[in-house]
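Q: Quick one: the structure is below, questions incoming.
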Amino acid sequence: MTTPAWLQLPRFQTAVARTLLLGWVLARVARAEGTPVRAYNLTWRSTNFKTILEWKPKPINYVYTVQISSALGDWKSKCFSITDTECDLTDEITQDVYQTYSARVLSLLPKNSNNTGFVGDPLYRNSPEFTPYLETKLGQPKIQSFKQVGTKLNVTVQDTQTLARGNGTLLRLRDVFGKSLSYTLYYWRASTTGKKTATTNTNEFLVDVDKGQDYCFLVQAETPSRKANKKSPESTIQCTRQEKGVFRQMFLIVVAVILIIIIALILSLSLHKCRKAKAGQSGKEGSPLSIA
């Protein structure tokens with residue numbers, strides 16, 4: 001028996017309503033879980049081989065996992081399921097700072113309640129290639145020691161410890177770059193602004209200066225053989241202080257003079273007391289005896 005059309009209409013409306021309701025529920029679930037967005041603006045930030053990969057955007061209800069690979073290696077996962085937008089990859093790139101590395105950032109929905117893995121296929125973005133030896137920035141150098149003696153100024157630059165490794169040990173900046181790393185010394189008399197320069201591919205300077213004059217100086221590291229990031233920031237300015245020696249000598253002279261004056265006063269008072277005591281005794285001996 002055929003159902004009349006006027007009875008079929010409510011069933012059709014019910015089916016449509018159910019479909020719309022199911023779509024609304026699915027949309028709410030998808031919004032709650034979040035929709036992964038492909039990472040962008042992948043950038044390497046590296047100084048003295050301390051290396052961090054950065055990217056955008058900040059995730060909303062999804063997570064990132066980072067993978068890195070050398071030119072000859074397989075992908076290794078780092079920074080699992082993070083909501084940050086950076087990942088420290090120093091441990092990987094410092095094993096061999098001469099290699100070229102690639103990284104990629106995977107955008108993933110978090111694991112579901114049944115813990116059966118990540119929902120959906122991950123979106124990912126590849127980073128530019130990165131060669132630490134050629135691209136890491138040089139950090140600000142530090143003065144280890146300085147001394148001015150007569151007409152010579154000796155300046156020693158600290159050999160910075162890095163996180164790069166060789167034969168199982170941490171390497172210093174000089175160990176990595178060797179003679180390719182040079183330092184430039186800028187120095188000038190404290191009373192003037194005209195600068196002189198000196199360059200060395202070691203960590204020490206010995207330059208001629210005017211005797212008795214104070215000098216200020218700073219140093220800057222450089223790797224001339226590299227195409228980019230050749231120069232470091234300049235070190236802080238430091239100055240010699242010749243006047244400290246003069247003030248010290250003057251201070252010692254003043255102290256000696258004061259001590260001499262104090263000693264002279266003490267001796268003078270002692271002599272005065274002795275004379276007074278002797279005069280008193282002489283007076284008693286010269287007086288006539290009284291007659292009872």
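Just so it is clear, glycine is given a Cβ too, placed from its N, Cα and C backbone atoms.
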Q: I want to verify the bond table. Which candidate from Cys216, Cys274 sits on the other end of the disulfide that TrEMBL records for Cys239?
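A: Recorded disulfide partner of Cys239 in TrEMBL: Cys216.
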Q: Measure the Cβ-based neighbour count of Cys216 (disulfide bond), defined as the other Cβ atoms within 10 Å of its Cβ.
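A: That number is 17.
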Q: Note down the number of other Cβ atoms within 10 Å of the Cβ of Cys239 (disulfide bond), including every protein chain shown.
A: 14
Q: So what's the average pLDDT for the domain 'Interferon/interleukin receptor' (136-242)?
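A: The answer is 95, the mean pLDDT of the model over that range.
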Q: For the domain 'Interferon/interleukin receptor' (136-242), what does DSSP give as the number of helix, strand and coil residues?
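A: Final tally across the stretch: 8 helix, 53 strand, 46 coil.
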